[in-house]
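Per TrEMBL, the feature domain 'ABC transmembrane type-1' maps to B:181-397. TrEMBL lists B:6-24, B:45-68, B:80-97, B:117-138, B:180-204, B:224-246, B:266-288, B:309-330, B:379-401 with the feature transmembrane segment.
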């Protein structure tokens, strides 16, 4: 049968269209990624700089009643309220400061900061004029925002930092790891190496896969009902958060550990068994060391997911306003994603850049964890 | 809080006891050594044997004690409990010491203990599931005692603040969940319109067309997309996408709310792309090569092969991947909490504010109502429906995916 050239051309066109479409789909994901990162960085990078104002601070008796009197009157509306708050404390701690005057750089308030960064602000025209004068005098400068990394949360945008959230994240991560890693690896070893092929084990297997796909918010309900209401552990504590996240991470660790164990060829097991090792000796001396890179890769990915998780933590009350670092496992703590959530719902504009900056920090941590996992995998991956 | 203290005391008491048992077990086998005999295992294993015999009764009694304590059944004084644990532990060591002799098959005995411990570890997942179901059902029952289940499922007004008792003493049925589910399905549908075509086509591109170099870049990029926390997606949807949509709609001449359903839907769709693409990628690459080669040998173009041979062969797997994606979208919380509205709204227009089941759950539990108020309890009622819905989707899709893989393996 002769081939109609027109139909052939049509088919060829449709082939190239389909191919182009499939490349387009990947590009959409790529473009989104680029736009997303560009947007977050654009909004957040300014938060890493902070405006300071040069001021003469006078310590007199009257600042105990009215701390603002320590500053030049015209500067008062421009300076952060946090600065004036600590002055009386300083005087009480060092009484010899009384009567001295010193020139210091003090934190500007969020509105001045936003104005200096050319962002929308609520400064009055008179204040804008003053700020412009100060800039011309060289009494205003932008410095690296150390406070963002060394302060806890604050209601004043210019004072707010991520330290308490970062420490809380480390606490939470530690608890999650301690509870989920041993249990997860043990369960995976049992299921791969020891489990009989019976109905119970079948249920366990189906159940683990299901658990990995249950919405995280339901784990929050579990944490609220079991750990807080039933066991009476303190609300919004790192312990409850860590336990909840551990239960969420467990299936991820089990699934990836099983995959790592399954990748080890049977010849290794058989060789060891042939030399008279018991089943557990095979596992402990051969299977575990050989599958460790795979297990660690899966664990890092699971923990990275746990760090970013917010919904279950909202439910167990980890969105409280917390200024200080957690002092123990049962004291109230907050974590980075929860801090981001809290800041994102603040109405003051200056918090938007803080939120984006917090996101940048969180993404840097998560991406480096994922990169570490990929590196581990590439370095230790073995083809048997 | 007694449970925590109990755990500390137990730990403090058990560790020295375990060390003691370990040393005794080792000493026992050493004194029984016959210099000419061959041993079945090293001395240390006999020490571990003694420890294992000691731990079992001690742990058992402490678990029973804490459970009794938790349920407030019996207020066991911790001194008594600690004494019982120590005595039972010591008894365990004594039994172990009597059993230790050179002919004891200590490796086998230890192995049995280890296997049991591992079994317990693998049962944790079942306990977690039971815990989730129980904790939600238990509180949901409280809720459905106050609110009629049928009213909850079919009511079209959700307004918990106005839930007051009328003169006759009945609670007004203001817990109608239909608008919440409508909002959830609307946002899920928008997300699927983004995620399924893009995800599926990316999977086809990566498994059928792309060169190794492209795959090497695209795969990690998609993984990055999957690794972004949902709170970040939520912020992006609320701060960047929503105003964009409002502006665009303004230009076209339609009005849109800032808390519209479209922006969380779009962003959620992008979040789900990696899930769809990696699952479909698995499914597509497990279609045997011989099917493709047969089709290509008959003169079909790759696109025709994919459309007529590969995709139909992979269809069950792809459908279940999509179901899993739907389940993920229904369960996603942070994006909708940050970008969808709080007002329940029964509408077909994706540009108006809508609320979802998850938003109401979070809202009910982060408010300052008493824990047994109907509004707080409503979170568990909604959670129950969410659990049942996602569980069904998960079970169906996971079963189909497994069956599909078996067919081609």
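Each residue's number is its place along the chain shown, starting with 1.
Quick reminder: no glycine exception, Cβ is built from N, Cα and C everywhere.
Those TrEMBL annotations? Automatic predictions, nothing curated.
Tertiary neighbourhood of the transmembrane segment (B:180-204): same-chain residues 158, 218, 222, 261-262, 264-266, 268-278, 280-281, 284, 306, 318, 322, 325-326, 329-330, 336, 340, 344-348, 350, 354-358, 360, 382, 385, selected by CB-CB distance under 8 Å and a gap of 6+ residues from either end.
Outside the transmembrane segment (B:224-246), and at least 6 residues removed from its termini, the chain residues within Cβ reach (under 8 Å) are 256-260, 262-264, 266-268, 270-271, 273-275, 278, 332-339, 351. No contact links the transmembrane segment (B:379-401) to the transmembrane segment (B:80-97), because fewer than 3 Cβ pairs that are 6 or more residues apart lie under 8 A.
Taking Cβ pairs closer than 8 Å, the transmembrane segment (B:117-138) reaches residues 380, 383-384, 387 in its own chain, all 6 or more past its ends. Here the transmembrane segment (B:266-288) has Cβ contacts under 8 Å with residues 187-188, 190-196, 198-200, 202-204, 206-208, 222-223, 225-226, 228, 230, 233-234, 236-237, 241, 310-311, 313-314, 317-318, 321-322, 324-325, 328-329, 332, 335-336, 339, 401, 404-405, 408-409 of the same chain, all six or more residues outside its ends.
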